[in-house]
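The following features are taken from TrEMBL:
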type    : residues : note
DOMAIN  : 3-119    : domain 'Response regulatory'
MOD_RES : 52       : 4-aspartylphosphate
């Protein structure tokens, strides 16, 4: 069973994503701030990370940078799942190593499709 970490400070987003993924047989881990996300990534070694940008304690770009510079976690694919849809944010995510970028509001089926493409 594939493990996916969901890092978002908005509980309603986390719940929507959890229900969507668990309904398809994925195991989910959640974090409500950037620091908690980084700790859980290092401990749990998820198969994929869904990462919001605007979060307390550490933002998603800081998390992305830390994950990609650590040899133990750098191969984990990361999808930025965020309301920050500006082209500059998307480019920054790509430069830092994000595998994908999905803008909120999002379609749960489109998110699932993207996850399945990456994990295939």
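For all residues, glycine too, the Cβ spot is worked out from N, Cα and C.
When secondary structure is read from DSSP and collapsed to three states, the residue listed as '4-aspartylphosphate' falls in the coil class. Across the domain 'Response regulatory' (3-119), DSSP helix (H, G, I), strand (E, B) and coil residues number 55 helix, 23 strand, 39 coil.
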